[in-house]
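Beneath this line is the structure, given in structure tokens, with notes to follow.
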Amino acid sequence: MSPVSVISLPSDLCLPTSFIDRSGRELIPLHITIPNVAMRRQGKLMTRASMSMNLRTAVSDDAVIRRRGDFHSNLWDDDLIQSLSSPYGEPSYRERAERLIGEVKNSFNSMSNEDGESITPLDDLIQRLWMVDSVERLGIDRHFKKEIKSALDHVYRYWSEKGIGCGRESVVTDLNSTALGLRTLRLHGYDVSADVLNHFKNQSGQFACTLKQTEDQIRTVLNLYRASLIAFPGEKVMDEAESFSAKYLKEALQKIPVSSFSREIGDVLEYGWHTYLPRLEARNYIDVFGQDTENSKSYMKTEKLLELAKLEFNIFHALQKRELEYLVRWWKGSGSPQMTFCRHRHVEYYTLASCIAFEPQHSGFRLGFAKACHIITVLDDMYDTFGTLDELELFTSAIKRWDPSATECLPEYMKGVYMIVYNTVNEMSQEADKAQGRDTLNYCRQAWEEYIDAYMQEAKWIASGEVPTFEEYYENGKVSSGHRVSALQPILTTDIPFPEHVLKEVDIPSQLNDLASAILRLRGDTRCYQADRARGEEASCISCYMKDNPGTTEEDALNHLNAMISDVIKGLNWELLKPNSSVPISAKKHAFDISRAFHCGYKYRDGYSVANIETKSLVKRTVIDPVTL
């Protein structure tokens with residue numbers, strides 16, 4: 001068990017701000033003393049903190065002994081945010097980018113002409129795929145939606161059950177073109193079967209590759225690996241492709257010299273697809289794109305693509321600065337700095353949002369996601385650690401009243417928590433109402449109520465020491481994971497219409513929402529269970545599985561959960577990309593990418609509690625630092 005110390009709470013724990021209800025009455029603070037959950041647990045101390053954090057108990061001003069996670073402080077103070085500067089908001093940079101966009105569009109269009117530069121029937125397919133893949137990996141594809149569709153329609157026209165060659169008149173198919181085509185077409189919703197890869201196996205059932213690992217051969221296997229990550233449920237050949245290509249590439253990295261190409265391979269192996277957030281991929285690919293020998297001999301000069309990618313990255317960086325300044329003002333104005341019992345990761349959450357949605361018009365999505373996740377974190381730390389069971393029951397009831405007068409029955413520190421939830425959910429609903437043209441508050445309130453009910457159930461398990469069945473814990477945990485409430489209001493603020501039939505395919509009762517919530521619960525528990533258990537929090541996916549299956553070990557449980565995660569990811573891929581869906585990919589993409597963002601945060605550890613290692617690096621690389629032109 002971690003060391004426990006008893007300390008006095010800081011005097012500013014309770015928010016000094018007076019809150020006013022709708023009638024204009026000032027709410028009078030109510031100081032109450034309530035027995036603490038930890039007392040009932042006979043000294044068992046619990047938190048959902050990272051393994052590197054201790055748990056402290058503290059005696060508050062109202063004489064209640066409280067548990068507090070020993071979280072590190074906010075890493076991004078106001079002075080740092082204010083010190084960020086960027087000249088890329090100037091019109092001249094936008095004008096230069098627009099000229100480059102026009103030139104790249106011309107390059108796309110030239111591929112549609114028989115007399116286009118360097119275009120022949122023997123390489124027209126791979127050229128189109130290379131162009132689409134390049135603009136997507138560089139993070140500039142939003143400018144070329146029409147051109148991308150035209151290019152992929154052309155490729156799909158010549159797709160066969162045996163794949164494609166480099167060009168429409170190629171005599172034989174080849175693995176590189178087919179793998180890149182499978183990946184790219186599938187990501188855009190085209191109906192392409194993974195069985196096409198079986199045609200590239202030898203008689204022994206192995207993928208046919210020469211023993212000599214040339215750069216062209218390695219790149220072919222790299223594209224095979226990238227394709228294998230876009231797998232659907234039940235596709236055995238994709239599992240085989242992933243296993244083969246990952247092993248091949250790891251061996252190749254031991255032999256080839258360090259170069260931009262080896263770095264590209266390393267990045268893809270490190271992040272895969274589900275945790276390789278688009279803006280991070282763009283930042284990394286910018287570094288290798290201009291130096292890659294494949295690109296230097298490619299079908300058009302890379303300078304324009306690279307310059308445009310750098311300009312777009314830095315122009316968005318200037319917008320990020322303004323949005324961060326607004327977010328910090330909101331965070332301070334909400335009274336959040338006085339909530340000393342919880343983690344403050346608003347900048348980190350903003351980073352995740354800006355890594356998956358960097359269209360300028362989606363400021364509401366980015367800021368809404370950061371706000372929603374900040375609220376989720378405050379509630380998480382209050383329900384798991386700081387609040388007593390009686391207090392939490394009062395808070396849960398107050399949320400369902402949805403009126404500032406409900407705070408009269410709450411302890412002082414909860415008044416501030418209640419008001420930030422109340423005000424922020426109302427504000428986000430107003431933004432969503434404007435975007436969707438209808439009232440959204442009641443629908444979104446219901447989502448928040450269900451979320452808090454799930455937290456309340458977990459608080460009861462903590463108080464009693466009960467370890468429920470895996471199924472009971474898992475179903476409740478999918479709700480308490482917070483995926484739904486983190487995604488719902490932000491996606492409704494976008495310019496994408498969400499009529500009722502579409503919303504049902506993204507929010508409940510959709511498989512997309514269920515699977516995204518499942519990944520967050522499963523991956524979160526596999527990263528946090530040891531620390532939770534050391535602090536007395538008994539219930540987790542691991543402990544519940546072991547209870548249901550006597551004789552199993554932690555390793556058995558982890559293997560089972562990791563297998564579940566792999567299956568869930570494939571199910572998520574299908575829900576996003578299934579062909580002939582009545583709901584376009586664009587309507588599902590933000591919710592899907594939120595799942596990727598959370599998954600990224602749990603890639604190495606609990607990156608939300610311990611945000612000063614990999615998460616800090618992500619913030620610096622994608623938000624704080626521009627690229628050099």
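Just so it is clear, glycine is given a Cβ too, placed from its N, Cα and C backbone atoms.
Which of 185-189, 345-349, 380-384 counts as motif 'DDXXD motif' depends on Swiss-Prot, and there it is 380-384.
The number of other CB atoms found within 10 A of the CB of D384 (Mg(2+) 1 binding site), across every protein chain shown, is 23. The Cβ neighbour count for D380 (Mg(2+) 1 binding site), using a 10 Å radius and every protein chain shown, is 21. Per-residue pLDDT, averaged across the motif 'DDXXD motif' (380-384), gives 93.
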